[in-house]
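For reference, the structure discussed in these notes is given below.
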Amino acid sequence: MALLVHLKTVRDLRGKGDRIAKVTFRGNTHIVIAQCLGFCDVINMFRWPIASSVDENEMLEVQVFNYSKVFTNRVIGTFRMVLQKVAEEGQLEVTDTLIDDNNTAIRVSPSTGPRSYTTMDGTVGVWSDGEFLDVPGDPEGTFQFETDSLLSGHTETFVFIIIYLSPLFNQVDELATLDLDRKALRLGGVGGLDPDCISLASVTAVTTNVSNKRSKPDIKMEPSSGRPVDYQISITVVEARQLLGLNMDPVVCVEIGEDKKYTSMKESTNCPYYNEYFVFDFHVPPDVMFDKILKLSVIHSKNLLRSGTLVGTFKLDVGTVYSQPEHQFYHKWAMLSDPDDITAGCKGYIKWNVLLGKNNGVPLERQWARFYVKIYRAEGLPKMNTSIMANVKKAFIGENRDLVDPYVQVLFAGQRGKTSVQKSSYEPIWNEQVVFTEMFPPLCKRIKVQIRDSDKVNDVAIGTHFIDLRKIANDGDKGFLPTMGPAWVNMYGSTRHYTLIDEHQDLNEGLGEGVSFRARLLISVAVEILDTTSTEIVSSTEVQVEPVSNISESATGKIEEFFLFGSFLEATMIDRKIGDKPISFEVTIGNYGNQIDGVSKPTAAKKKKKEGGGESDEEESELIQQNSSEDEVDDDGDLVSVSSTPPMKPVITDRNYFHLPYFEKKPCIYIKSWWQDQRRRLYNSNIMDKIADKMEEGLNDVQEVIKTEKAYPERRLRGVLEELSTGCNRFVTLANKNQNQAGRTKLDKERLKSCMREMESMGQQAKLIRSQVKRNTVKDKLKMVQNFLHRLRFLADEPQHSIPDVFVWMMSNNKRIAYARVSSKDILYSIVDEETGKDCGKVKAVFLRLPGKKGFGPAGWTVQAKMEMYLWLGLNKQRKDFLSGLPNGFEENKAPRTSSCLQSVPPVSLVYNSKSACSSCIPPVVVVDMGKAEFIGRTFAKPITKMCDEHYGPPRFPPQLEYYQIYRGNSTAGDLLAAFELLQIGQRGRAELPPIDGPTDSERGPILPVPMGIRPILSRYRIEVLFWGLRDLKRVNLAQVDRPRVDIECAGRGVQSALIQNYKKNPNFSTLVKWFEVDLPENELLHPPLNIRVVDCRAFGRYTLVGSHAVTSLRRFIYSPPDKTHNNWASAGKPTHTMQDAFLLLFISITRDYIFLLEKEEKKKKKKKKKGEVEEDDETDKSMLDWWSKYFASIETLMERFHWTHTRTHLVVQSVSDTIPRVCVCVCIIQVYNKELEAEYDSFEDWLHTFNLYRGKAGDDDEAALDDDRIVGRFKGSMCMYKLPLSEEITREAGFDPNMGMFQSIPHNDPINVLVRIFVVRATDLHPADVNGKADPYVVIKLGKSELKDKENYISKQLNPVFGKAFDIEATFPMESMLTVSVYDWDLVGTDDLIGETKIDLENRFYSKHRATCGIANNYSVHGYNVWRDPMKPSQILAKLCKEGKLDGPHYGPGGRVKVANRVFMGATEIEDENGLKKQTDEHLALTVLKHWEEIPRVGCKLIPEHVETRPLLNPDHPGIEQGRIEMWVDMFPMDMAAPGPAIDISPRKPKNFELRVIIWNTDDVVLEDDAFMTGEKMSDIYVRGWLKGQQEDKQDTDVHYHSLTGEGNFNWRFVFPFDYLVAEEKIVISKKESMFSWDETEYKIPARLTLQVWDADHFSADDFLGAIELDLNRFPRGAKTAKQCSINMVQNQTELPCISIFKQKRVKGWWPFVARDENDEMELTGKVEAELHLMSAEEAEKSPVGLGRNEPDPLEKPNRPDTSLMWFVNPLKSIRYFIWHNYRWLILKALGLLLLLLLLGLFIYSFPGYLVKKMLGA
């Protein structure tokens, strides 16, 4: 059907210039430009193909613009028309006036009219092809909607005029003969429209008689967000770097919620390496889980006695992890900060992984910010206390108090803030702000705001609201910081009726969907980035609560009067449990309409309405509280809000349901309420939601077209993109309105800009992608477009609420029974169609369900009631339109009122009087319930309606068969294939109805045969069944299954297998192939399921059902004959390999000859080395290579190849010799799969399929993992289905066995003995099983009754154990075919615990054409590490495959060629034996063919290469959650063939013993830390400390160089560090007991790092740390030759400098810098050390031993230290000599001279008198 519009003229236009006319219908626009001079002759025809009939309410819009090439095109006027008349009559001619934006008439008239037309039934007129193709400028008839060039960036304003309706095609039979390609072309060409815009679903539906769309239910029957789920969080703390502090002993604490776990302590380092793994298990609802805070803290020197000092923390919420791709962060660096000092900056970095398992990266540079959450006031709070005490108080005191004491609690990033408590207030006013200090951007996405009731015993939540920071911010270039409000947020939860124990209290905590309005809260959020350099800033991150000023009334918008109208047209499916009492329905919006438990405030309500305004705070806030059952006064007369229907006794419908007799009289409700007018927010959401809904429908179409392999999915995708582009442009126009509305917040403005940018960008991208959509790119583009859908849904979710949701409650006996919640935006009215809610003014089926946890499980499956409701919400002043959407035939029945105000009173009820034919009918929703005694499921459908005046014929009738998804709760429970039609019975009665051909089934009731037009065309099919065997059958009624049989049934026909006489002895069937014939529809989509039933045949002719399986789709079993023109016939079941996997194997086979050349060149290069250089020890020495060399080379290659995917294939081919790793050239590699082999090779079901047999009922849980409990066994077999008669070519083929049918050349299923060899390499990320967070794992192998335990070789305290074990088991297939590999945890006391297990079906592998018995190696060798391990040589394998596949070949020819099935392959022809002699061989040639076996026609398929597979370990106690992974592979060898050689040795490499000798020669420029004791000079007493990482207890110190005045130190001191080293892994291996209580030693593998530190020795206090350097012994910078050349750059720019490895260089000497961090956290040079490193193997060290320090043997010389290097109190005389005499000798001499002089003078004075007397007296 098509809609045609002929736009003729637009008259009375002012001015002259080009005009644009835009005509729009259903979102699709046609545009035409015309030159006008007051009068515009447009004369243009527009056409819209339509798949569904035109609704009488649909609109056509015509808009006329002034066209400008420079400026935006200006709208002159708009014309809109409802298509009711066109839908009725099929044609219409209109002349009408255009209106402007203010709905004012303009003197411009468009005129439209038909040239010729076709009515809906196709009886009048036929379009000629010429008219269809007559589109100006579009000679090909494909009208492209490219409009960018016409309107400069604005293609949004539509003008629609709809005049004709015509069928797109009249003869369905004719279309049915065409394939879909031609259909689409015919529609495109003949219809003159873009074929992209056709819904291929509709085309397919008409022609194939089945819809490929699956119906969606109108309702989610079971809320699941509050149900607990199992979660497992795995965290690996790898290492920390640059921790702020000197010589630390750091420990990392991992904290999730209340759970804490610690790493081990690393001594004396600020770069600790941990590589420790932690697992946390939770069983909580998702909302609780995602709000938990994950916190990493680094603590300095924590031990048993002290808690340690916090260095820094990092935190994020679990929801952030879950939102990442694959729910994980991998190898991310987290920046640590100090929560107590936000000015301190970065405290270091932690490298970590986190994976969130359920049954983009962390930004490094972040700033501190303040988050302000302002709480203003709340309204509408419920009672939170019993009214008994209140009544007592009122009686005594006369005081009536509100029964609630509310406060607000805000939680963010693990911190909690509270406002003050407002006593006894239903309308509390706080005006407070809660301030959080947190890093920005925050890694916690939600702020939780909760109103709580303060209570002496226990505070209770009243309501909860989550603010998603992603929705109130934008991190783009033109983004904005988080901002919100001030805005009201609505809170929902349990019912408002207060009880002491509220069974729905969880709803108030925010878990699950709220069932009632609880309150609304006025809040705002703002963020301020802090300048941490400011001195005034408060450095703590403690939560602060501060007062804020009140805000004005107008800040949240102008209060408007809203009018809600609802009518109950039908109330059926009422549950029989409540059918015995009268029932009424109550509708509430906020507290308005709530008659039972709304809080009543009668006085203010009336006063408010009389004043008609809203100036007073008090009055406005009272509004929400009023009880609407009281009389309310309206400006236009008295109007009583009626919020509930009159009680009515239900009438019985059938045994299950009741209904209310709403026949002619339909009860109505209407509520007046007052809210802030913020409709613009909801309008914008509605526009985006409608675009998204349309897009989702289109994408589902595309997916179904791809899934059902129909033609031209790219056309439908282009149509979807065209609609998206148009919708985005329309949004940009509409959203720009009402920019200056009152109450617009900053978020409103920013969000509008952001949405408009996004929508504009999305529209442009959609156009671009549309032009790029090709058949081969459809799937890629589909993924991109699905991202658009997610973005649209995200944008459409409005974070700032306005009008609360509407609740519909079913009441019985004044109790609330069941509810439905209707979003207010879905029923909001607007004069613009796109802005109107999707359910506004429409009849909608509403299903009521039980509230809260009552709705979980089977109780939630039952519908409490189904209602057909009509709802309308809008401004009271728009009330005139509230009945505009009702179906025809309804009349209003108004309450008796005075005549003056009669018009404004809404009806009390609606009366349906019109029984005459109406032009259209809204069909009711048909609910189909499955199950008689027990409920199975439910589906919903809308029938196609036929009015009595419509012609019953194509394309609408008869209706098509559609698949309707059956639901039980939230889970799917099957599909219903059905067609529904609703036929109007006219005046002539049933005689007018379309005839029914065929007999009716009168015995089983009025069951009629399916009419011919709906009944599918049947053909004769033969279904051949391969019966192979039964496996793992469980007991039935405690008895073992002994004689089972399989029954196959399809469409009433079937076949039975042969009876297995003794299931224990041989569970395989004796007769392999049986067949039966059945009539099936030709359309594959309509094929019925095939049922497999297994019964046990017991004594006395009894049969017991063991289990059953339903094959829902037979599509994969349909036989298609091989295409002989195609190169590769083996496309079925072929595994998908990535390009690089195939490419690498190809490359190795091609370059085999070059490998030897490269090795020879390497040897020549080594010989040419200079004598002075030390030759490097290379691991690729052939004698050194083992299986682990192959393994590590393969993993390295896997990493290298990862980059190849980013390069074009031809570039890779050119440069492949450069890009392949060197180790790969020298070492043969194997294929390492990071998944199970079954996932890579389609479960090895290339010809033998496994069907799980189920017994019992499916669980009601969402988790599919629980279905495993119902599995009672497995049936092995296959099916082949083909249409009869079969082509004779197949049966004529040589060797065709008619007994085997299509299952030719399959092996026999007799029992066979097999040697199974299991190789277990290692396990990774095991779940901890011990209290210490570790496990002691060992391997257990089970196959049939055999069990091998490797308990004595358990690996102590490891979560990543390397097992390296091979196990041999002999087994007999089919009795022993399920291999179980388990990892157990060894326990000293008690039983060992299962960590996890993996199961492998060996039988499918053994019989698979992929040859999974023993992997094909990349190279054929007869000796060495890569020796061929299959007992059959490549040439024997090739000969056997050719024989089985009846292929010609192999023919070996000269020049290294081999021919197989007309394909020629080339390869090497020589092989080297153990003695190095060359021999001729064909094995390389045969191996080349085997590696390319998938290229062989007809029989070719990918053969399994030599490999290691990675399998998940699962534990039955934790279904669906990985407990770790195990790397392994399995080889199988039939016992009747040549025995294989011994198993290859994969035991873990033993670490090599090395000895590292470090000689500390000298130091220089060491910082001078101390002042000299006597002289006050700057000096340091230097010594050097060294150790290998992980061996801190083996620290070694040099002696002390005392009294260094220049920073120079001389030592000549030797450190000796013996250690064990794994060369391949580049790790040191340390075995030691963790504590004195440990039973045995734990093995650690850590990087080889040498730490050297320089210290200042102090005698009476702790030594001072001066600096350190850490050298990675595998990669460290070469030492400088002199101290001057040594600089801090050697540490800072380490990556840019040439690096060396001590394991290759063996000996190195040079100068290296010591560094430390200063107060500003910057690196500074604190000294230099001259050291010599010498690495020796243990054998070499034993031959040339050395002593520690300067001891024997091989002692070092004593250092030539200055004489001043000594301790003053050990050598006081020397100290005097060197420190005092050396510095002060002249001073001392002068002092002594002076002293002598004074002495002489003293003696002179003393002796002078005596001598004088003597002289005088002459004595």
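Every residue, even glycine, has its Cβ placed from backbone N, Cα and C.
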880-899, 1580-1599, 1740-1759 - the range that TrEMBL marks as region 'Disordered': 1740-1759
Residues of the region 'Disordered' (1740-1759) by DSSP state, where helix covers H, G and I: 4 helix, 1 strand, 15 coil
Stretch of maximal Cβ-Cβ contact with the domain 'C2' (1004-1130) [cut-off: under 8 Å; candidates 213-334, 351-483, 1297-1415]: 1297-1415
Across the domain 'C2' (1004-1130), average pLDDT on the 0 to 100 scale: 88
Helix, strand and coil counts within the domain 'C2' (213-334) (DSSP): 13 helix, 63 strand, 46 coil
Long-range neighbours of the region 'Disordered' (1740-1759), counting only residues six or more past its ends (CB under 8 A): 1555, 1557, 1559, 1562, 1596, 1598-1599, 1601, 1610-1616, 1618
DSSP helix/strand/coil residue counts for the domain 'C2' (1004-1130): 9 helix, 58 strand, 60 coil
DSSP-derived helix, strand and coil totals, residue by residue, for the domain 'C2' (351-483): 14 helix, 64 strand, 55 coil
The domain 'C2' (1297-1415), counted residue by residue under DSSP: helix, strand, coil: 12 helix, 53 strand, 54 coil
